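Presented below is the structure to which this report refers.
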Amino acid sequence: MKVGIIGAMEQEVTLLRDRIENRQTFQRAGCEIYTGQINGVDVALLKSGIGKVSAALGTTLLLEHSKPDVVINTGSAGGLAPSLNVGDIVVSDEVRYHDADVTAFGYEPGQMAGCPAAFAADEKLIALAQEAIADLQLNAVRGLVVSGDAFINGAEPLARIRTTFPKAIAVEMEATAIAHVCHQFAVPFVVVRAISDVADKASHLSFDEFLSVAAQQSTRMVEAILAKLAAR
């Protein structure tokens, strides 16, 4: 099995990249893909860049170039669930766009025309993530992750998301675009991210301070999932 791993930013991929054995690098269109092995598992690690377009472009390149069997989206997220604190883990059961609106034509909020209302994560990958959470004894929440081309920093956008998507546990900028591409290619995916900030008016300050914590925690999770895959 080959596992595709996607992070948007340098800080979100650097720890995993350093753990890749027999590493080779592929660069195209502003994206970087690092291939090799972690814990004996073949991996292809993508640094996509920030936002939905960069994520979709990079994911397409990853799937075409490296042909992974599954995809894990890692990195940081803003917490929406009240039980989440910096460093805690979120695992997607589904993802939606929070900034797509074609409701005038009968679609649900966040649903893109011609697409499912939500993109469902793979149950087997979710189960592996939950096993890793138990092993590492981390606080985690499973649920809806929402994505859009905005860093949520303020009461008004936060209130809009909470009102429109009351079940959302976290918000970030790439996961749904990644899931959208995986859906088109019929490749199973899961989002496993760590909380860098609680989405509020000071979230930009928290993000700058705690991104490294989120990167460390999400890396621990990905490594634990890979170790479980290697043992099977």
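Any Cβ shown, glycine's included, is placed from N, Cα and C.
Copied over from Swiss-Prot:
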ACT_SITE  E12  active site, proton acceptor
ACT_SITE  D197  active site, proton donor
BINDING   G78, I152, M173, E174  substrate binding site
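Shown here: features listed in Swiss-Prot, placed on the structure.
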| residue | record | DSSP (3 states) |
| --- | --- | --- |
| E12 | active site, proton acceptor | helix |
| G78 | substrate binding site | strand |
| I152 | substrate binding site | coil |
| M173 | substrate binding site | coil |
| D197 | active site, proton donor | strand |
Cβ-Cβ neighbours of I152 (substrate binding site) (radius 10 Å): 23
Lowest local Cβ density among E12, E174, which the record lists as recorded positions, within 10 Å: E12
Cα-Cα distance linking E12 (active site, proton acceptor) and M173 (substrate binding site), given in Å to the nearest integer: 13
Most distant Cα pair in Å, residues G78, I152, M173, E174 binding substrate: 13
E174 (substrate binding site) versus E12 (active site, proton acceptor) - Cα distance in angstrom: 13
Cα separation, D197 (active site, proton donor) to G78 (substrate binding site) (Å, whole number): 5
C-alpha spacing of the residue listed as 'active site, proton donor' relative to I152 (substrate binding site), in angstrom: 10
